[in-house]
Amino acid sequence: RQHLGHKSNSQLDDSLIYLWPLPNEFTNGNSTISIDPDLSLQVSGNGGNSAIIKQAFQRYKTIIFKHSSNFSKSKKPIVYDVSWIKITVNSDNETLNLGVDESYSLYVAKQEGHSIVGEVLIEANTVYGALRGLETFSQLCTFSYSSKSVEVYKAPWYIKDEPRFVFRGLLLDTSRHYLPITVIKEVIESMSYAKLNVLHWHIIDEESFPLEVPSYPDLWKGSYSKWERYTVEDAYDIVEFAKMRGINVMAEIDVPGHAESWGTGYPDLWPSHTCREPLDVTKNFTFDVISGILSDMREIFPFELFHLGGDEVNTDCWNSTVHVKNWLQDRNMTVKDAYQYFVLKAQEMAIAKGWTPVNWEETFNSFKENLNPRTVVHNWLGGGVCPQAVAKGFRCIFSNQGVWYLDHLDVPWEGFYNSDPLEGISDLSEQQLVLGGEVCMWGETADSSDVLQTIWPRAAAASARLWSRKEVSAGNISLNVLPRLEYFRCLLNRRGVPAAPVTNYYARRAPIGPGSCYEQ
């Protein structure tokens, strides 16, 4: 898989297009265009004056012009082909909802006329489409070590692009290991480079409860320590940081299982002191707390999807705790009935607060006939669930653990790349019920020291599947895809993201010997 030797004059295959993910329509030529390091922004359209555009332009300017041009013995002025980027945004609506228009067109050309030397034009209906166009433009820009300037090769470029799926997600687990705000922001920033657009924030689990909930201020006593917590302001900051990059934050509180940490602050939520999960189904207090959490989180998380978990619910505690057992008997309910009762009640609360509930697939597998029809089913246990869910009229998110769980270090990049959320679904109307997919970074063995190199570059293999139409990214995987993914991994490294080598036998391992980033 990996060889120790490398060619010192390693050359890239010029026939390949080193954009990741690949745009859905493009044409290009064979000219080279130089870009002025003092690149200026011109905006037009109803949404052109947005702070989102202006801040993104400054961010990308820093990314594109990494190399200083201040020191030079030659003071001869350099004439660049392109000194302006013109961005037109048609709408001033900055609502970042599911299915927001992320389409854009990008034109990069050297003008032969005298009025303009060259131009870069991005046009989009929304600021979020313009962000995707800026990312693509930044990937076209390359620093030339011979001319010491930034150049765009293979111009003129005309790109017309839009995503294949509306939901392109990454799950981040901050319960198994606390991740500082700076690390979460690094993850969000890196997501934008691969055009991912949903951070699924699995904030809380049985191990720790790090989030401040003003309505129930003792809940975060379930944090690992008083330093490993998120204030309401922290959470709001993360949501705003993500929005500036066109990324929604889908929060999750996993009920009724995976909730032992809740009882540290409020022991009445446990069925008993010796049997601590699932949450006590018999008490109004349990649902009062859930309602309080949802009310407080609604102030922070504007995204219309909210994840209520519902997976891996071991109901033994309900059966073995006397008062719960009696409650069930009085109502002629089994523990399976109680599980359904709990999930449906939590769903009703979320819907009442204007959310669409997302639940892990066990809820669908256990009581699909009674699940609220607005439910989005989140697949994880294996293949074949999304086809069943959409056949029943439910929407679905694909996260098959065998191929899209990032904590499974033995799943190679090819496993991520070759998987498809539409697998087994041929009916067009059913295909439209698949919102997309999500790669999952469960945190048992990932913390600040290794989370980014566990996510990247394999998450990018999935992002290609979620953004690009399948026929666009077809072809020989070793010849056409691997060199491009290795290039993108090196691009991430250049941007300060510690993405691991692509062809590692186990993900996130360091290289086994000397060699080029571009040719492992």
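Using the three backbone atoms N, Cα and C, a Cβ is placed for every residue, glycine included.
TrEMBL labels come from automatic prediction, so no person has curated them.
Remember, predicted model here, so these are calculated numbers, not experimental data.
Look at TrEMBL and you will find Glu312 tagged as active site, proton donor. Annotation comment: TrEMBL describes 19-140 as domain 'Beta-hexosaminidase eukaryotic type N-terminal'. According to TrEMBL, the domain 'Glycoside hydrolase family 20 catalytic' annotation covers 165-469.
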Segment confidence, the domain 'Beta-hexosaminidase eukaryotic type N-terminal' (19-140), expressed as mean pLDDT: 91
Three-state composition of the domain 'Beta-hexosaminidase eukaryotic type N-terminal' (19-140), taking helix and strand from DSSP: 28 helix, 39 strand, 55 coil
Other C-beta atoms that fall within 10 angstroms of the C-beta of Glu312 (active site, proton donor): 13
